[in-house]
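Q: One structure coming up, written as structure tokens, with questions to follow.
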Amino acid sequence: MSISRRSYEQFDEMKSENQENNSKKKSSERLKKLDPDKFVEAYGAYGKYQIFTYVLVQTLNFFYSSSMYIMSFVQLNLEKQCEYKNETIPISETCQIETESSKAFGNLNGEYCGIAENTLVNVTNQKASTNLLVDFDLSCSHWFFQEFGLTIFTIGAVIAVPFMSMLADRYGRKPIIVTTAILAFLANMAASFSPNFAIFLILRAFIGACSDSYLSVASVATCEYLSEKARAWITVVYNVAWSLGMVWTLLVTLMTDDWRWRYFIVSLPGVYGFALWYFLPESPHWLITKNKTEKLKKYIKTANRVNNVSPEFNDCQQSSHHEEKHESFKALLGSKKLIWLLFANGFIEMVISLVYFAISFMSVELGGDQVQAFLYSSLIEIPAGLAVIPLMMKMGRKMIVIWCLVFQTLALIGVTVFLDSYEFKLVIMLVAKVMATIIYSVHPIWATEQFPTSVRSLCFSLMNIPQSMGIIMSPYVKHIVMSPNWIPFVVIALFSFISATLAFMLHETKNKKLPTDIESLSYPSETNDLSAYRRSKSSSSSVSALSKTSVRSKKTLSSESVSKKLDTVNFSDKEYRI
């Protein structure tokens, strides 16, 4: 008898284990068939956990911004004069003596001050002793080399970001974002102790590679963390964090006159990167498309707890599960449509980065009060970023980019009229920067929504190359001397107008699902309207409410009929009275 009972118990245990395994298998299969966009929307348009993760990654703009703009304050342009036997001789930017041979000191014409006998270069800037250029003996170097701290930063980004983005597509967004953020912080700390300019440039290249990597992958991840409706809010933290990074740089500049201390203090908040490892989750889009069901379960568990909801995901299912795809650069080159998207979006990014950063860097050297000009240039971005929210909700992505590019073109042409007036020139350039800020906020979201999930980070990094070219060119705009002096502004305005034309030829992405792979770009049905899903979701919820009401009414009716007939019970064909 005991043997029989034991065998029954073992049988029950095996049966329950099989049921549990089958349940887990079914659960995993359901997770593999999830639609990524509908999955995110299941937590609502503004789920707490989704907003939290968006804030985490977009805060990184603070550190990127400060890493860029600190260079404007550690190597301000030098005002120099040459002293020769208690006399002052005019010199060029590279310290070449410029005198007429027929006049006094004509024998020194063409010589270099500091090298010619009895000559001495004297820097007249009040705080020149704190300047990186003076510290590394670069006072008389060509302006191309003086700006190389910014240039090498971007060159490092161009080289590294495509490779890091491919790793992000293959191994996930989180490890790349966190690792590069921490490495950028450590390299920034080390750069403030650089013994010479060569070491400083090597570290700046590494910082640029890491900084652009975390920012590029974070931009992609943000669109994957949030629902389509909430993506308009990306610009809030993005612009506020970026502007605060600029203001932080300015505040530190006012704290100390020593360039090394300026650089060190500005870099300190970068310790934030270590916190990301603990708090930042992996992108749900990436987890679903890569069939990482166990990690997705952990994400769901945390999201359910933070959002205080437990979605069923019944309306988020697709007919088939995702095949794990590792689409390569070769697959990208095989798609003409994707190449067109890369070209058009890349050109737009190049132009807006050129305009945006050129104005930002020129505000420090524009004349007048450089602190005030840079402060205006920093703070103007906050209202510009906030304006994006209603604009994106009302107009989508495409029309905002087109109109802002047109107004940016007109502003750049307007600058040429007031080149000799500091106040008017500053105001019109700030108008152009407002337009550039709005485009810079909207266009990365728009471009990200056009690229497939399987190669989204790779595409974003390739688009980053022309963008980086715009950044590389931007600090040199202030050094261009042409006759007439309005030509550079007209040329940039022409590029801006061409960008508006290219934007007109691209498609709107508002209310559209993110394409999952390269093939889905060729099939519109694969990227159908999300608004249809929202309508079906709302209608199903109303139907559900109606069905619940009908069930309650049926229960009421049945209970009333039962109460009336409680004295009669039927068994088969016979009636018995209680």
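Keep in mind that glycine also has a Cβ here, set from the backbone N, Cα and C atoms.
Sharing the feature lines straight out of Swiss-Prot:
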- 1-30: region 'Disordered' (REGION)
- 51-71: transmembrane segment (TRANSMEM)
- 148-168: transmembrane segment (TRANSMEM)
- 182-202: transmembrane segment (TRANSMEM)
- 232-252: transmembrane segment (TRANSMEM)
- 263-283: transmembrane segment (TRANSMEM)
- 339-359: transmembrane segment (TRANSMEM)
- 373-393: transmembrane segment (TRANSMEM)
- 399-419: transmembrane segment (TRANSMEM)
- 426-446: transmembrane segment (TRANSMEM)
- 457-477: transmembrane segment (TRANSMEM)
- 486-506: transmembrane segment (TRANSMEM)
- 532-550: compositional bias 'Low complexity' (COMPBIAS)
- 532-561: region 'Disordered' (REGION)
Q: Hey, does the transmembrane segment (51-71) touch the transmembrane segment (232-252), meaning at least 3 C-beta pairs closer than 8 angstroms, sequence gap 6 or more?
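A: Stretch pair touches.
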Q: Test the contact criterion for the transmembrane segment (457-477) and the transmembrane segment (148-168): 3 or more CB pairs under 8 Å, pairs 6 or more apart in sequence, then answer yes or no.
A: yes
Q: Quickly jot the same-chain residues contacting the transmembrane segment (51-71) by Cβ under 8 Å, restricted to those at least six beyond its ends, or write none.
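A: Cβ under 8 Å, 6 or more out: 149-150, 153, 177, 181, 184-185, 188, 207, 211-212, 214-215, 218, 221-222, 225-226, 230, 233-234, 237-238, 241-246, 248-249, 252, 262-263, 266-267, 269-270, 272-273, 276, 279-281, 306, 357, 360.
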Q: Using Cβ atoms and a strict cutoff of less than 8 Å, what residues sit near the transmembrane segment (399-419) while being 6 or more residues removed from its termini?
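A: Residues 348, 351-352, 355, 388, 391-392, 425, 428-429, 431-432, 435-436, 438-439, 442-443, 446, 485-486, 489-490, 492-493, 496-497, 499-500, 503-504 contact the transmembrane segment (399-419) from elsewhere in the chain.
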Q: So which residues does the transmembrane segment (486-506) touch in its own chain, when a touch means Cβ under 8 Å and the partner is 6 or more beyond its ends?
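A: Distal contacts: 341, 344-345, 347-348, 350-352, 354-355, 358, 398, 401-402, 405-406, 408-409, 412-413, 415-416, 419, 446, 450, 477, 480.
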